[in-house]
Amino acid sequence: MDSYAYSSIVKGLCREGRLKEANAILDLMAKQGCTLSYHVCNALINGFIKASKIAEALRFFGEMSSRNCSPTVVTYNVLIDGLCKAERFGDAYKLVEDMLQKGWTPDMITYSLLMDGLCQSKKVDLALKLLSQIVSKGFKPDVTMVNIIIHGLCSAGNLDNALQLFLSMSQWECLPNLVTYNTLMEGFYKARDCKNASAVWALILKGGFQPDIISYNITLKGLCSCHRMSDAILFFSDALNRKIRPTAITWNILVRAVIYG
C-alpha cells in the first residue's frame, strides 16, 4: 500500500477511536519508508484529545519531528484546545511560545481557543491580559474573539469592563455583530439593569440588525425578571409581527412569568 492508502486507514481508525491500531499503522508506515503527512498526524493527535489522552497526544506531538512530519498551526490549535479543556493553561501558553520560537504565527483560532478556555474556567482576567498582550504586538482581534471575552466578563458580572471592551472595538476596526449585542443585553438584564439593556436594544435597531429569537428571548426573560410584563407582551407581539417564530424557550419564559409573577 502507498502512503495515501495507509493515511485513509489511520484516519478511519481515529474516527472510530481505535487509537492503538492507528498508532501501530503509523509505525508500520515508518518501517516501510512511507511519508507521514501532517493530516494523518493531526488526525491521531485529535483522536487522543477526544479520548482525553492528553499525555499521549503530547508524546506523539513531540515525536513528529523525528518522524519527518512538522507540526502545523492546526496541530498546535488541536493541542491547545485539548489543554484548555483540561484546564492546563500553563501548558497551552507554553505551546504558543513554542510556536513563536519555531517561526509559526498563532492565528485568530489559536488565541480564541486560549481565551475561550480561560473564560470558561472563570479566568477572565488572564484572557483580558492575553488580549492586551496581542494587541500591543499589532494583532487586531476579530469579533469572535471579542465576543468570547465580553461573554466571560458578563458571566462574571463585570459589566463595566464588558462595556469598555465593547467601546474599544472601533479602534481595532472590529465591528460588533448581533451576538455582541445579545451578550451585552443579557449581561445587563441579569444585573437587573433594564435601562442599559434597553439602550443595547436601541443600538441593535440603529445598527440595522434584525433581532433574532435569541434577542427576543433575552429581552422577554429580562423584562419579566424586572416585573415588566406589559412591556414583555409588547416585545412578544413585535416578534410575531416580524414573523419571528417563538421557541419552547420563549413559551417557557412567558408561562413562568405568568405562574410565578
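Just so you know, glycine gets a Cβ as well, placed from its N, Cα and C.
Record features, source TrEMBL:
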REPEAT    2-36  repeat 'PPR'
REPEAT    37-71  repeat 'PPR'
REPEAT    72-106  repeat 'PPR'
REPEAT    107-141  repeat 'PPR'
REPEAT    142-176  repeat 'PPR'
REPEAT    177-211  repeat 'PPR'
REPEAT    212-246  repeat 'PPR'
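For the repeat 'PPR' (107-141), the predicted model reports an average pLDDT of 90. Residues 43-44, 46-48, 50-51, 53, 56, 60, 67-69 of the same chain lie 6 or more positions beyond the ends of the repeat 'PPR' (2-36) yet place their CB under 8 Å from a CB of it. Beyond the ends of the repeat 'PPR' (212-246), by six or more residues, the same chain brings 178, 181-182, 185-186, 188-190, 192, 194, 197, 201, 204, 253-254, 256-257, 261 to within a C-beta distance below 8 angstroms of the stretch.
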